[in-house]
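A.B. asks: For reference, TrEMBL lists these features for the protein:
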type	residues	note
DOMAIN	89-270	domain 'Tr-type G'
BINDING	98-105, 163-167, 217-220	GTP binding site
Amino acid sequence: MAKELYRGLSPSVNTWQAQQQQQQWRTSQVSAALPIAASGTHRLSKHSRFRVLCQSVEAQAKVKQEIYEHASELGAKVGQDRLLKVPVSNIRNFCIIAHIDHGKSTLADKLLQMTGTVQKREMKEQFLDNMDLERERGITIKLQAARMRYMLENEPYCLNLIDTPGHVDFSYEVSRSLAACEGALLVVDASQGVEAQTLANVYLALENNLEIIPVLNKIDLPGAEPDHVIKEIEEVIGLDCSNAIRCSAKEGIGITEILNAIVERIPPPRDAASSPLRALIFDSYYDPYRGVIVYFRVIDGTIKKGDRIYFMASKKDYFADEIGVLSPNQMQVEELYAGEVGYLSASIRSVADARVGDTVTHYDKKAESSLPGYEEATPMVFCGLFPVDADQFPELRDALEKLQLNDAALKFEPETSSAMGFGFRCGFLGLLHMEIVQERLEREYNLSLITTAPSVVYRVNCVNGDTVECSNPSLLPEPGQRKSIEEPIVKIEMLTPKDYIGSLMELAQDRRGDFKEMKYITENRASIIYELPLAEMVGDFFDQLKSRSKGYASMEYTFVGYRESELIKLDIQINGDPVEPLSTIVHKDKAYGVGRALTQKLKELIPRQMFKVPIQACIGAKVIASESLSAIRKDVLAKCYGGDISRKKKLLKKQAEGKKRMKAIGKVDVPQEAFMAVLKLEKEVL
């Protein structure tokens with residue numbers, strides 16, 4: 001029956017007409033299934049009516065499934081022609097932005113399936129999340145591009161989709177995606193509503209002058225409140241949601257309406273095919289067989305296979321051996337022109353030659369000026385990365401260079417530690433970013449790494465007027481040379497249900513937070529704004545936020561500047577010698593607690609020596625916490641089974657003098673395991 005209904009419909013028929021025909025057919029089916037006569041003689045029993053109604057509902061569901069499958073089949077036929085060229089006016093470049101777990105990747109899957117870009121037999125959940133780490137954690141880490149072909153009113157359109165991450169630590173990926181697009185789908189969970197990262201991503205999109213299409217996802221959930229969420233979007237963000245699309249990516253509801261809206265509402269790129277070539281690199285990665293593979297968006301001109309290309313920032317030239325499109329796998333083409341998104345391979349061996357944000361042009365006919373590129377990412381959290389095996393240092397350097405190509409927000413510089421040897425001081429956008437980078441280095445490059453406790457960059461004002469930036473406690477100037485220490489401050493916005501306001505305010509106050517503002521977004525949800533030191537947030541702040549709010553609260557933070565604070569350097573001394581790798585910069589009020597925890601832990605971990613070993617936490621010359629490791633002693637009184645006490649005193653005095661002499665020249669070796677355990681403790685305590 002579904003095929004009869006669809007026989008008269010072409011893929012270009014208006015969706016509304018198709019829905020009307022479906023509704024008429026369903027009504028006729030239900031009417032036929034319920035033959036209730038006017039007289040009471042033919043009236044069905046209660047149970048019979050219920051059975052007939054159930055059968056009619058099942059029939060509707062079956063028809064709906066058949067219609068969806070038929071539409072997918074039509075899309076698959078169109079999708080096979082996706083390499084065919086279309087006019088620039090028929091190209092649409094868009095990305096999907098949303099908070100974590102609002103259904104971006106599921107929606108991208110359905111768009112790929114509906115347009116026939118991915119065949120049904122090849123389809124799997126979160127198709128664009130191709131990293132094992134992404135699948136295990138259920139989050140998107142890397143932006144992914146895919147080219148789709150869609151027919152509307154017998155007119156072919158080329159849709160270039162970029163799927164983006166949703167976590168605040170990967171906002172740099174989102175900003176790069178937005179620069180390569182003209183429009184964005186703003187996906188909001190109909191049961192969760194507007195969350196912190198929803199707001200942040202909308203503001204990024206508005207800065208790039210993108211056309212935003214609001215999409216309410218998960219409307220099939222029992223707890224979905226689409227009308228309430230539409231009102232929330234209009235009040236909080238200020239977007240007009242009169243034409244917002246209601247969909248369920250999982251069930252395939254509203255996907256056609258989204259595709260139509262992309263074509264009708266998102267503007268095409270400007271036609272600049274006749275201008276000199278300028279292409280913006282928005283992503284890249286290192287292939288061990290083909291060298292650096294560059295993902296780019298052609299802004300002006302055209303690029304052909306075999307062209308001699310020139311990178312304007314690095315001033316290097318290569319021949320484009322292979323160009324193609326991402327659909328979502330790499331597919332070779334002969335030519336790409338203004339408005340299109342693709343990749344190129346040119347046997348680029350040096351990772352420094354093709355950086356994200358660089359402009360590609362022709363070597364013979366160079367463009368007059370390069371494209372603006374991207375704003376440099378500012379690292380917020382720093383930590384030391386050291387190889388467990390010192391021989392792996394060159395491999396770690398190569399791995400970081402290759403990973404930086406794929407993750408432009410990663411920064412690193414060489415560092416030497418007396419305890420752990422040669423390594424790198426690395427800068428990240430957040431704790432999750434740090435965790436992901438460490439895991440990728442270990443998995444993709446087979447490295448075994450030690451990570452030091454995360455820290456932030458402090459600004460030290462010296463007595464002579466100089467200002468020194470310091471991310472490592474060992475680089476801090478001497479107390480006599482420093483006038484004051486400033487620490488980075490972030491503005492944090494927490495969106496939470498009203499039941500958890502008190503608990504979250506208590507958390508922020510405990511972390512030296514400065515209350516700024518609280519406002520109710522809706523009658524049940526509030527926004528709390530605090531300013532607090534970044535050093536207080538790099539620990540377990542996010543974990544505490546989620547546990548105190550039972551997972552309902554979300555947060556977004558922005559760097560606001562530096563502020564003077566009462567910070568001190570806490571040194572650890574073992575047998576009177578300072579151990580630099582265990583030094584930390586802490587607030588004066590927390591110094592005793594941190595010092596006590598570190599000395600107690602070290603007492604458990606350091607093996608006993610032949611002499612007494614004091615373990616002290618110091619601020620300058622002042623000892624604030626101390627533990628002692630008792631000496632391993634020989635029982636020198638064992639042979640004295642009697643006799644005068646003076647004999648015993650003489651033997652004990654002789655032993656004490658030997659221990660004193662040993663302590664003066666003895667050296668305590670702190671084992672690697674002790675450093676590892678203390679670093680782990682620092683992460684918890686700080």
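Heads up, the Cβ atoms here are built off N, Cα and C, so glycines get one too.
Unlike curated entries, TrEMBL annotations are predicted automatically.
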A.B. asks: Report the mean pLDDT of the predicted model across the domain 'Tr-type G' (89-270), rounded to a whole number.
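C.D. replies: Averaged over the domain 'Tr-type G' (89-270), per-residue pLDDT gives 80.
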A.B. asks: Quick one, of the binding-site residues Ala98, Ile219, which Cβ has the fewest other Cβ within 10 Å?
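C.D. replies: Lowest Cβ count within 10 Å among the binding-site residues (Ala98, Ile219) is Ile219.
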A.B. asks: On a count of neighbouring CB atoms within 10 A, which of the binding-site residues Lys104, His167 is highest?
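C.D. replies: Per the Cβ count within 10 Å, the most buried is Lys104.
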A.B. asks: Among the binding-site residues listed here (Asp101, Thr164), identify the one with the smallest other-Cβ count within 10 Å.
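C.D. replies: Each of the binding-site residues Asp101, Thr164 was scored; lowest Cβ tally within 10 Å is Asp101.
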